[in-house]
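J.: I grabbed these lines from Swiss-Prot:
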DOMAIN    40-218  domain 'BPL/LPL catalytic'
BINDING   Arg82, Gly83, Gly84, Glu85, Val86, Thr87, Tyr88, His89, Ala149, Ile150, Gly151, Gly162, Phe163, Ala164  substrate binding site
SITE      Lys146  site 'Lowers pKa of active site Cys'
ACT_SITE  Cys180  active site, acyl-thioester intermediate
Amino acid sequence: MIRSNKPPENSCLLYNKGLMPYLEAHAWQRSLLHQRIDYPNLEDVLILLEHPPVYTLGQGSSLEFLKFDPNQSEFEIHRIERGGEVTYHCPGQLVGYPILNLRRHRQDLHWYLRQLEEVIIRVLAVYGLKGDRLPSLTGVWLEGRKVAAIGIKVSRWITMHGFALNVCPDMTGFGRIVPCGITDKPVGSLAQWIPGITCEEVRVHVVQAFAEVFGLVLVES
């Protein structure tokens, strides 16, 4: 019997990383994206990691949602190509960067955003928590508090950026911004409902939910 070394179409490389500087992860994403633009048959990728404290602004983000002067700031801040307003990353927040070829899934950005929300909702359900979507907003809420932010960039139907789930972060950094430009809804973290929860245990459930929602077989790399 002749066996093919070609991976199945629904395989997805999983990179489980620890704490990674934002710009390093951003450059890595861009490299993976451009590889897949040039070679569309390459496998999908999911990167899971945490970042040191950093603020990021979407390409059209307004500076009015910063409560500090970005030109005279001790805080790391970057404007990037994703959609959405300002957000905050820090240890204790689990960040997922899917690099997916949507031609293999569905060429529909609204569908993709809802699928990312569904991943988070399924993770929360593992803990008996009901994650909510809100009309006209992107992300996932728990009892009125936003626990997951989502922002994406898609080039030639290849995705980058992704989701950030507040597991057990120090929430202080969120107080320096209006997260995602939403003035009337607070942010929250899973630790407020589940004391002692860690990113390490949540990773397992994120991987399982991501595989189920997107119909992928994740292979740790």
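Placed from the backbone N, Cα and C atoms, the Cβ positions cover glycine too.
Give me the lay of the land around each of these features.
T.: For Phe163 (substrate binding site), other Cβ atoms within 10 Å of its Cβ number 24.
Secondary structure at Lys146 (site 'Lowers pKa of active site Cys'), as computed by DSSP, is strand.
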J.: Over all pairs in Arg82, Gly83, Gly84, Glu85, Val86, Thr87, Tyr88, His89, Ala149, Ile150, Gly151, Gly162, Phe163, Ala164, the listed substrate binding residues, work out the largest Cα-Cα distance in Å.
T.: 16
J.: Could you tell me which of these binding-site residues, Gly84, Gly151, has the fewest other Cβ atoms within 10 Å of its Cβ?
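T.: So among Gly84, Gly151, the binding-site residues given, the one with the fewest Cβ atoms within 10 Å is Gly84.
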